[in-house]
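Student: Pasting in a structure now, in C-alpha cells, and then I'll have a few things to ask.
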Amino acid sequence: MKTDTSTFLAQQIVRLRRRDQIRRLMQRDKTPLAILFMAAVVGTLTGLVGVAFEKAVSWVQNMRIGALVQVADHAFLLWPLAFILSALLAMVGYFLVRKFAPEAGGSGIPEIEGALEELRPVRWWRVLPVKFIGGMGTLGAGMVLGREGPTVQIGGNLGRMVLDVFRMRSAEARHTLLATGAAAGLSAAFNAPLAGILFIIEEMRPQFRYNLISIKAVFTGVIMSSIVFRIFNGEAPIIEVGKLSDAPVNTLWLYLILGIIFGCVGPVFNSLVLRTQDMFQRFHGGEIKKWVLMGGAIGGLCGILGLIEPAAAGGGFNLIPIAAAGNFSVGLLLFIFITRVVTTLLCFSSGAPGGIFAPMLALGTLLGTAFGMAAAVLFPQYHLEAGTFAIAGMGALMAASVRAPLTGIVLVLEMTDNYQLILPMIITCLGATLLAQFLGGKPLYSTILARTLAKQDAEQAEKNQNAPADENT
C-alpha cells in the first residue's frame, strides 16, 4: 500500500514539474522557441478564423441572393427587397463599428501599422467580434469591398490576443506576434503565403522590426495559416483564369506603357479616396445616426446595382476571370471600371468594415484588359492575348496606390498561377510605381494612418484642454 502511495506521489510530482517547466518556458519572453510556438498558434487561429469569415460572408450573400430569387418574377417586390436587404446588412456593419470599435472601420491595415509602432491601441476583445460580424454585414450586402483588410486586422488582433492570454510581456514578442498575425491574415485571404510575408517586409517596412526571430515567426505563422486554408479550400489558385500565353520580348514595351497609365491612375485614385473620406466626414460629422443611415443608403444602392449589373457590385473576385477572358467589349470594360471606381470610393471611404485590395485588383483587371484588347486591334502582328495585360494590370494599380510593387507582383502570380508572366508583371508594376512616386503620390495606407494619428492627437489635445476647465468647475 505504501509503495502504491509513494508511486502515485512521484507521478504527481513529475506532472507538476512538467507543468512548471512549460509555464516557465512560456513566460521567458526572450525564448525564441516560445515565440515561434506562439507564432504557429497565431497562424493556425488566423487561418481558421479567416476561413470561417470567408464562409460566413458567402453564407450571408447566398441567403440574400436566395431571398431575391424567390421574388424574381415580381419586379415590384424584387427592387425594393434588393435595396432593403442590402441596406439592413450594411447598417449592421456601420452601427457595430461606430458604436463599439471605430478602429475596425475601413481596411484595418493602417491600424495594424500604427499598432506596430505603438501608436494605435489593439483592443482585440472589441475589434475581433465587430470586424467579423460587421464584415459579414457589409460584404454580405454586396458592397464593393474585399475581405483581405478585415482578415489582416483580425490576424493582427489574434496575435495580440495570444500574447495577452499567455502573458508574454516582452516588446519583441508583442511586435512579432502582431506582425505574424497580419501576414497570416493576408495569406489566409488570398491563399498567397509568399505575398503575406512580402507584405509585412515591404508595405510595413517602416514599422516591422526585421530580425532573425521576427522573420522566422512570420514564416511560421504564414505556413500554418496557408495549411489551414488549403485543408478547407483545396490547393487551386483563388482566381481561375487558366494558363495564359507567354509575353514575347518584342511586346514588352506595351507593358511599360500600361505601367505608365497605372502610374497616373494610382495617385489620382488615392487622392479621390482621401477626398471622399473628407466628404463623408463633413456629412455625418461623427453623428452615429447619420453615419448608419448613410451606410444603409450606400449598401442599398449596391444591392440595386447588383441587379442591374452584377459585375459592378461585390468585391470583384467573380468579375476578374470573366473580364480577363475577354467576355466584355472595351466600352463595357471602361463603363464597369468607372462604375466600380465610384462604388469603391463610396464603400471604402465611408468607413465600412472592408478592404480595398480586392476592388483594386478588379479595377486593375478591367483597365488592363481594355488596354490589351485595344492593343490587339492596333498591333495585330503581335497576336496579343488581352488576359496577359489583365494579369499585369491587377498588380499595377496596387503597386501604384499602395507602393508595394513586389507584393503586388507575387500576390497576383500566386492567385492566378501564371508564373510565366513574371517579367511583364515586373515591368508594369515597376513602371507604375516609379511614375506614381515621380508624380508625388503617397502610399495609401501610410497616408490614412497619418490622418488617423493627426485626428487622434487633435482629440487628445482637446481632452487635455477641457480637463483643467472641468476641474475648475
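Note that Cβ sites are derived from N, Cα and C of the backbone, with glycine treated the same way.
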Student: Does Swiss-Prot give LEU16 and PHE76 the same topological domain, putting them on the same side of the membrane?
Tutor: no
Student: Just to be sure I read the record right: ILE356, PHE357, TYR445 are listed as binding chloride in Swiss-Prot. Which of SER58, SER86, SER107 is listed for the same site?
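Tutor: Matched candidate out of SER58, SER86, SER107, per Swiss-Prot for chloride with ILE356, PHE357, TYR445: SER107.
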Student: What range among 1-5, 106-110, 286-290 does Swiss-Prot describe as motif 'Selectivity filter part_1'?
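Tutor: The range carrying the motif 'Selectivity filter part_1' annotation in Swiss-Prot is 106-110.
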Student: Between PHE357 (chloride binding site) and GLU203 (site 'Mediates proton transfer from the protein to the inner aqueous phase'), what C-alpha distance do you get in Å?
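Tutor: It is 13 Å, counting Cα to Cα.
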Student: Round to a whole number and give the Cα-to-Cα distance in Å for the pair ILE356 (chloride binding site) and GLU203 (site 'Mediates proton transfer from the protein to the inner aqueous phase').
Tutor: 15
Student: Might you list, by sequence position, any residue in that chain lying six or more from SER107 (chloride binding site) with a Cβ less than 8 Å away from its Cβ?
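Tutor: Expected: GLY149, PRO150, VAL152, GLN153, PHE348, GLY354, GLY355, ILE356, PHE357, TYR445, ILE448.
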Student: So how far apart do the chloride binders SER107, ILE356, PHE357, TYR445 get, largest Cα to Cα in Å?
Tutor: 11
Student: What is the three-state DSSP composition of the topological domain 'Periplasmic' (233-252), stated as helix, strand and coil residue counts?
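Tutor: Result for the topological domain 'Periplasmic' (233-252), in helix, strand, coil order: 5 helix, 0 strand, 15 coil.
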Student: In the three-state scheme derived from DSSP, which category covers GLU203 (site 'Mediates proton transfer from the protein to the inner aqueous phase')?
Tutor: helix
